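Taken from Swiss-Prot as is:
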type     : residues           : note
ACT_SITE : 286                : active site, charge relay system
ACT_SITE : 290                : active site, charge relay system
ACT_SITE : 501                : active site, charge relay system
BINDING  : 543, 544, 576, 578 : Ca(2+) binding site
DOMAIN   : 210-596            : domain 'Peptidase S53'
CARBOHYD : 265                : N-linked glycosylation site
CARBOHYD : 403                : N-linked glycosylation site
CARBOHYD : 572                : N-linked glycosylation site
SIGNAL   : 1-16               : signal peptide
């Protein structure tokens, strides 16, 4: 996970703004480039960039009121999820707002055929030279010394004052952050003779050393239950960073661990040029982990692997980086694709095992994408995210130029409209796994649905870690599942994988099972889960009171760079909600009794 430690840059550019720029207003400004990123040259003026412009809603509370109305048990609209057309009507800006923005673009040199009005978003393509004139900025090529990735970016951009109140953000401009699979980097071939192991050895008792579907079924009370094949209970799995789910590996996995599911498969949703190449040399561990446990735990459900392009090959000529590598923003591509699907094609559950430190992303970007998760929630999608694998933090310092010691919340796990999944390990007792991320958002205030649970934890915590986190921020994770040493087939071999990236798909499959249970009784799918979990559903989870997370060791676990050290930094598992396992792990039978 890249950490932003800022270094000063482009001060002379800021000081040399022409007076004609005074009619413009700055939308976003970074003091300097992120840690590990350095400027390597000016951007090619002819390079074409595809931009996303998010229109600021005149009444942002309307979306939030709607998602809580359809997601909070007891309210009159509970379960009455919106159709896509109803959501479009809710979000559509005034005609004059869109026309004003489009007029600015065309008058500034953007060709009309390069503009696409999508209601609350406007997409436009133009070259760097035109973009610089439009946004009163200068684009440069920045290189990340850790990954060798290069991107065309800027540190500040502006729009005319006359439309500034309508522009929430334009990207890619100031977005340097890079998604990472939420695994704890424990990837090792399993030496156990799997063929010689009996079915009993794959049971809950063996979760101590190896997690399989049989282990999870017994531990979480699923038994032999499978979902029914129906169009209104689909599961989506997010794929990024050229991770491709392999059909052959899934078949090997099912043959060994879920023989009754052999022959079941998944479909593909390829977004913005995304692929799902079979048999290639690239990494497939994360994708295989996700698909094998989602299909294995709910094999009759319709499962789709949504593969979104967003990072191409390395660029040999850094002054002219490859467009596909540097300027395609995969979260926005995926989310905009999903919210435009007809309701009968939407997944009821979406599992994603990727994230980044919250502070490494522009504030406008986290707000805009979090709102897109809320939009999915209004249409009945349970959005599941892994909480991360850095405990309270990895670098444990701010990126505002002050380098202050601070815990690092993870996004999108910190968005209040997703359900964040922490990690556990072992049985009898099941306990928090040390890498499970959690904490409190520095961007999003604590939602009301969390108040009672989180205030109770903060009272127990007292002054410990005071000043290192925001006690009024959205707290995460919400719940947890096993996260250590999952048996996964990858490239034909068994591998052990650890991380909350494993916890998320396991939980997604269990939520799909709960949806199946409700649909069989004539009730709608659960949709956005958190208001139910925090009001009543928590009693269907097993409270985890042993173990805790750890972090802030003095070195960033991804870059290896020296960082802040906080002795004994940890969130402990406690009675009730805590920021390492949330309310705990699922008990399927108990959950069926507290469903709305």
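Glycine residues also receive a Cβ, built from the backbone N, Cα and C atoms like all the rest.
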Env. residues of Ca(2+) site, Cβ within 8 Å of mean position of 543, 544, 576, 578 Cβ: 545, 573, 574, 575, 577, 581, 582, 583, 584
Cα-proximity to residue 501 (active site, charge relay system), 10 Å cut-off, over recorded positions 286, 290, 543, 576, 578: 286, 290
Rounded to the nearest Å - Cα separation of residue 544 (Ca(2+) binding site) and residue 265 (N-linked glycosylation site): 34
Least buried by Cβ count (within 10 Å) of the recorded positions 265, 501, 572: 265
Residue pair residue 286 (active site, charge relay system), residue 403 (N-linked glycosylation site) - Cα distance, angstrom, rounded: 32
CB contacts for residue 576 (Ca(2+) binding site) [other CB atoms within 10 A, all chains]: 16
By Cα-Cα distance, the member of recorded positions 290, 543, 578 nearest residue 572 (N-linked glycosylation site): 578
Chain-internal residues, separated by at least six, CB under 8 A from residue 578 (Ca(2+) binding site): 432, 438, 457, 544, 571, 572
Cα-to-Cα gap, residue 403 (N-linked glycosylation site) vs residue 265 (N-linked glycosylation site), nearest whole Å: 48
Cα-Cα distance linking residue 576 (Ca(2+) binding site) and residue 265 (N-linked glycosylation site), given in Å to the nearest integer: 38
Taken over the domain 'Peptidase S53' (210-596), the model's mean pLDDT: 91
Which of 286, 290, 543, the listed recorded positions, has fewest other Cβ atoms within 10 Å: 543
Per DSSP, three-state class assigned to residue 290 (active site, charge relay system): helix
Pairwise Cα distance for residue 290 (active site, charge relay system)/residue 543 (Ca(2+) binding site) [Å, integer]: 25
